[in-house]
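Chemist: Dropping the structure in here first, questions after.
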Amino acid sequence: LWLPVIFFVVSNPKLILLKRVVFFQSWSNRPHGSSYFNKNIQFRRNSFVIVKASGSRTSKKQVEITYNPEEKFNKLADEVDREAGLSRLTLFSPCKINVFLRITSKRDDGYHDLASLFHVISLGDKIKFSLSPSKSKDRLSTNVAGVPLDERNLIIKALNLYRKKTGTDNYFWIHLDKKVPTGAGLGGGSSNAATTLWAANQFSGCVATEKELQEWSGEIGSDIPFFFSHGAAYCTGRGEVVQDIPSPIPFDIPMVLIKPQQACSTAEVYKRFQLDLSSKVDPLSLLEKISTSGISQDVCVNDLEPPAFEVLPSLKRLKQRVIAAGRGQYDAVFMSGSGSTIVGVGSPDPPQFVYDDEEYKDVFLSEASFITRPANEWYVEPVSGSTIGDQPEFSTSFDMS
């Protein structure tokens, strides 16, 4: 996308040597998204073009210079690069599943207490952070439609929280490459927030401890503190009380995630939840059994399944069909969080009916595995992790002007 050409008056008819700079912008080489540029143009700097001004000495000639408005952002980013020790950072933002989820009581504040084994898995988003010269606003872009890009997004909330807690004044260009579906019970937004807090702390020279980041994060979301564990945790309270544990599950156990196009409203699921009809099994006994005997159908209890199946009856049918069609290939089939993702642990392959039935032509499918992270490092995407099939891509972003 080029602006109208700029004309200069030239009175010297001699050969004139002009610098022609053609800028192509993409997320791989500059900190802000610009998917609307022609991707066939190559990135060339300082290439020269010779222009002749013909005619009489006294005639005035016009010389055409190609100009791209993105040049000003290139210069700003280069200036930031020179002045800052860390100016760009790309991080993996993995999601989680609830291997079991017990709702243990209703609190006076209207929330419910839970007890759950949270575990990070290999499906995740990528978030690219770049320092912005702005001192007043973050700029967020993403590759999918329907994701809010303003203060409703947990990424922006996390940056505002970090600045409030630390007094730092860094603002960012952020691009979210989204692969985790929304409304899935996988904690994708919570992971984005935790990843953002960790990134902001890196840019500020780690002025906060991870423990502080974890405590602060509970102010903007109950599931966010979990991601500051090492990847496996027994979580209680609203989910913000995190007990880091060694992973009780071998990392080589595969799984498949199946999410229908319809999402479950978490608020509606909890509204329909009836405590007196929920499971009475001791959650610590579930954790102990998983640690000693591994995952099985009887330990993957989710008290939110009955109300979620009321909200979305087709989800119950999907779970039943996966169990029946699996014929023992899955160690357990269960819903994660408040839905609407059905998880089949034990095989990376979905049952054939998901491909054959018209009803499931729009489902999200992904294989995944359990992962953790080393101390003082963030999560790293495994090379083998993949999403089954092509997912539709869109592009939206803030105006960079």
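Including glycine, each Cβ sits where the backbone N, Cα and C put it.
Look at Swiss-Prot and you will find 1-88 tagged as transit peptide. Sequence annotations record features per position, and here Swiss-Prot assigns ATP binding site to Pro181, Thr182, Gly183, Ala184, Gly185, Leu186, Gly187, Gly188, Gly189, Ser190, Ser191.
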Chemist: Please list, in sequence order, every residue of the chain apart from Pro181, Thr182, Gly183, Ala184, Gly185, Leu186, Gly187, Gly188, Gly189, Ser190, Ser191 whose Cβ lies within 8 Å of the Cβ centroid of the ATP site.
Modeler: Cys95, Val180, Gly337
Chemist: Taking the Cβ of Gly185 (ATP binding site) as centre, how many other Cβ atoms lie within 10 Å?
Modeler: 28
Chemist: Please compare the binding-site residues Pro181, Gly183, Gly187, Gly189 by how many other CB atoms fall within 10 Å of each one's CB, and tell me which has the fewest.
Modeler: Gly183
Chemist: Quick one: give me the count of other CB atoms within 10 A of the CB of Ser191 (ATP binding site).
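Modeler: Ser191 (ATP binding site) is surrounded by 26 other Cβ atoms within 10 Å.
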Chemist: Three states by DSSP: which one describes Ser191 (ATP binding site)?
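Modeler: Note: Ser191 (ATP binding site) is helical by DSSP.
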